[in-house]
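Chemist: Input: one structure, supplied below.
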């Protein structure tokens, strides 16, 4: 019942605090025979890392993964894969003035009331530093999904504050630091971020993730629904306040005659459902979207209280992201990939010998 | 790893098909000593039941709960509480013409591809009939939360198609069949529903749930976050396509200086977070919101395919809801209550002897 | 985390008290397509039922299973299978004089201290009545194992008090009420039981279970070991005080040169290990053995205390088994079958596509 | 559903291979506020370590624990506690001649058939090296049980081959390398071990564990029974073939009038049950016993097959224990402590507010 463990058949347990000696994870349940070594983790960890551009936190995370177990001669063995990253650029003194103060909109106040104690250095366990290990675990899931099932999971920044893309181009996404699908808008984003940083404020964002290539039939009914577990996985990412599958909240004002995705021998006529019906994949693209709140670590003074309940003024120094949504794309991809791989294994367990009696829509 | 089980310390396992002999659930983990008998279930099951007004399905569900175990002399004993409801008004023949057809936007196609078999009568296991048992289990959670912790969970319909309430009044909510917080608008809703029914179409809706009276500290970090588990619980309800906590997607366009809820000795200055910080309750009201898609069981003909992959035209007869959102309010309340009770128990397990060292904000 | 649920991928949740309205279970995770109907349960429930001979409790359990869900047109659908048995021959008044007394060696005292309340009628939840549903669930597992994998699970009484069989014959086992493998000894057993009943006392017993036909590779390492989960499953049966795999406690005095089962191209040279190495099946027969204590419900007066801590004398009236081990054979078989089916599914999940690179020993 | 995770509310996930870079564990669910630092682990890890005397494996394990997370200023914070031990004295070349051979009575054959691959260095994941982390995790459980509940868990070697102790003295146990309760017999044990080592053979053993100071009421009914989970925990230890609670297999030949532990206002009159009734602690000492097989890594040649199924002769070189039971005492203690702490938390979750209505027997 560990709250630091995610997944049922592919389970990921993470550990570590922002400014402790190390962060790490244990990935249990990965099938044997997957080619894996430390180099596999470089690309996605770099996509998530801070300090890449002036638009993210200037903490320089040199995230080198050490594989401690579960891999022999570059093949997974079926035993737990432990991954370790040492924390290097930790400046705990930056947080000394927060020892006695609850930052607004942080977990400071709630951790204190739950546990009666907290590690205040960089947010301790509640820091988004933990998401590094989600990305690392997600690398394994992405690779397995791609190699075993031809499933591809990728995401992009779909809104930054009030800015939305005018055109959509997957090629553009990986060619700018924002994961933005409209190359022409990048200067506008940079200007917006510069202005935000200058103002000492932060902004919210929306990230979309798409999974392509799933067969119909992955997922579970009732409480283990694919969309329910995606919702949990995505909502568990720091700063996420909303999750949509397919049309999401737009469905509220739709008619059934519009929303239903008609089936034809040539395929589904639309994809309002986001590739999931009754909690089970339909074979269409899985589409989901998350809302990330503006980070609360800003330089504009705010009201708070201290451990004694007295009013104080808080200004967050330290190194922070003016828009955590920018770096959230690889994290969201990782969570989606982990959920899908888990469901692929669960499907195989119960229905591994089912031969569908109806043709699959292309 | 049962996908038909929900919750960790308070676990609910449901079973049953729409037109099978019975539906039921097993609630395990309820503390001993709670006063409980069959009469407790009447109110909420009636709120969820169809056939109350002309605006919901005309299936007449006479949902009488039989307590099979776990209660002795009207007190829970700490052993599993099994609840049973016999299906009575099942007209399976209504579904004969669907035996070989996949209804658009239903689970027909995905269940078939997953299991190679399905119970076609009324949607079988994928029917919203299952939510009856969620409501029944939720009755126990609501009662325990109220009696042991003074926590109250209640919801309302916040949007029906394009219609939103002009004023908000909790008193109005229980005085109309829509759970609508603006009494003056009820005629407008009725007219809209009549038009919809006449058109043979359906509409989406939004339901909000509020939990009042929580202490700070309930919830877990990382993957067991209170908001993550609420997201899963709510997304697992039939027809839900989106979940928001607090400001939800509105946070995308907000600034940090707006979104952060400042703390003062007199209390929080706002509640954009929806009562949860870092996955743990802050003591403010928990607020969440769900998007329900328009039901796909409509009388307007649509394209589909049959078991042999041939094109067919589908018209859904049978008895259906033109807006499943209307009856979703008690279901969403139940899921929220079940998550909260589960977390109350989990909190007690790990932190039952913690004495918070800081004063609680009122 | 339900303590009334057993198994990971094939999960069984039982409910019900000895003298409540009904007992039942929910079996979740059974693959679709298994032929199943109520008649399948008759044989094993009859083997477990009391009242068959004068040597077991005279409670007349007319255990008719009703399938409430998960089966459509005699095929499992992959959704949860709920089974229900109404309690009929319940004589709760037999227990009136126990309301205030803790029977020695019963769960009376411990339930009372744990829950502060208990259902005293016939032992309530702690009664072996619950094992009826284990047997029912086990019927599904046995059938699936046999039909899908050619695995056969069967057991026998291996010791009754001080009596052990002189010869071993599987054919004899099902031809006497004791599941005894030596037909010639049955009169001796009957005489021993008659003497015991006359003395108002009870005796312990040993039951052995054998599973034949497993492939090598089922099971998990470390904490999910096949033998570890068999130990838990078997120890969870009422009255069991010891579990052995293979040679069990005899291995304490053995030498390694004796115990190790040598491998030859023609097969293993012996089976001291009981078919499990490193927690994983070797392909040999799985053999396990359990010790059942003498039931404590006897007519010989004993000392105890009442709810106020005062000394009292207890004589157990009611209807009881002088040797619970006699009826334990089908229960132990059921638990072994459930563990094996669970592991078969778990193996398929992680290693479903493994092609072993070495020949299997015959 | 990780098979490398143990426990429900206090969950321990271990990772690592015998000759990989490191072994480690993540302990999740420990309450906050427990004083803990690296020095706490020294004593028990030293008790388990090999290379202490000539009677155990000569592998020199310098087991220094690094705490990677979950502890701040020597206090547990409620977040996951990760522990790491680097493997130092690994001589993988010792195992080169086993690359293609299945050692009799090892997990070689079964891992190969399950996973199609294995790490052959020192047994890889199936090595008893893994138990180091069980002992480390157990240190936390033992400390918490002692400090919060006054519960003490300790064990001893109760039989070595055919030798049993003549007298019992807890004081003697920690004063010899065998954890033997009869100081006068130590020379006899040493002579027996020397003879065994000279013969190149190995022997089985029995270890007993006692937990003192439990309150009545810890444990769960049915499948989460305290004895069932102890059985699983103990059977999961390498080489264990049998588990007994209380009188164990001796109960087979007992009468009910003997076995039942009568209650008197002064206490229980005996403890045949081993402190557990109906799966729940009675407040008496918990007593359990395990059988450990003779290790199969011996120098006496034995028959086996290789990867191609051809007959080969095997002699196990490398560094091995002639009696793994000797070092099993701290491992068994750790597993018992972990189960008890888990149940203490589970009890608090469901029954934390129960006020027992009957006096506790002293």
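Cβ coordinates are placed from backbone N, Cα and C, and glycine is handled just like the others.
Fair warning: this is a prediction, and the values are worked out from it, not measured in the lab.
What TrEMBL records for this protein is below:
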- C:48, C:54: NADP(+) binding site (BINDING)
- C:125, C:126, C:127, C:238, C:239, C:278, C:293, C:294, C:295, C:296, C:297, C:319: FMN binding site (BINDING)
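Map the listed features onto the structure and describe their local environment.
Modeler: For residue C:54 (NADP(+) binding site), the same-chain residues that are 6 or more apart in sequence and have a Cβ closer than 8 Å to its Cβ are C:197. In the three-state DSSP scheme, residue C:54 (NADP(+) binding site) is classed as coil.
For residue C:125 (FMN binding site), the same-chain residues 6+ apart in sequence whose C-beta sits under 8 angstroms from its C-beta are C:16, C:17, C:18, C:111, C:119.
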Chemist: Quick one: of C:48, C:293, which of the binding-site residues has the smallest count of other CB atoms within 10 A?
Modeler: C:48
Chemist: Name the binding-site residues, out of C:48, C:54, C:125, C:127, C:295, that lie close to chain D, meaning a Cβ-Cβ distance under 8 Å, keeping sequence order and answering 'none' if none do.
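Modeler: Answer, by Cβ distance to chain D: C:125, C:295.
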Chemist: Quick one: give me the count of other CB atoms within 10 A of the CB of residue C:127 (FMN binding site).
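Modeler: Excluding its own Cβ, the number within 10 Å is 21.
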Chemist: Applying an 8 Å Cβ threshold (strictly under) against chain B, tell me which of the binding-site residues C:48, C:125, C:127, C:297 fall inside, in sequence order.
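Modeler: Correct list, in sequence order: C:125.
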Chemist: Distance check, please: Cα of residue C:293 (FMN binding site) against Cα of residue C:48 (NADP(+) binding site), rounded to an integer number of angstrom.
Modeler: 18
Chemist: Would you mind checking how many other C-beta atoms are within 10 angstroms of the C-beta on residue C:295 (FMN binding site)?
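Modeler: By my count, 26.
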Chemist: Which residues does residue C:239 (FMN binding site) neighbour through Cβ under 8 Å, counting only same-chain ones at least six apart?
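Modeler: In sequence order, the residues whose Cβ lies under 8 Å from that of residue C:239 (FMN binding site) (at least 6 apart) are C:128, C:292, C:293, C:295, C:324, C:325, C:328.
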Chemist: In angstrom units, rounded to an integer, how far apart are the Cα atoms of residue C:297 (FMN binding site) and residue C:48 (NADP(+) binding site)?
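Modeler: That separation, Cα to Cα, works out to 19 Å.
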Chemist: Between the Cα atoms of residue C:48 (NADP(+) binding site) and residue C:127 (FMN binding site), what distance do you get, rounded to the nearest Å?
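Modeler: Approximately 14 Å lies between the Cα of residue C:48 (NADP(+) binding site) and that of residue C:127 (FMN binding site).
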Chemist: In which DSSP state, out of helix, strand and coil, do we find residue C:297 (FMN binding site)?
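Modeler: In the DSSP reduction, residue C:297 (FMN binding site) maps to coil.
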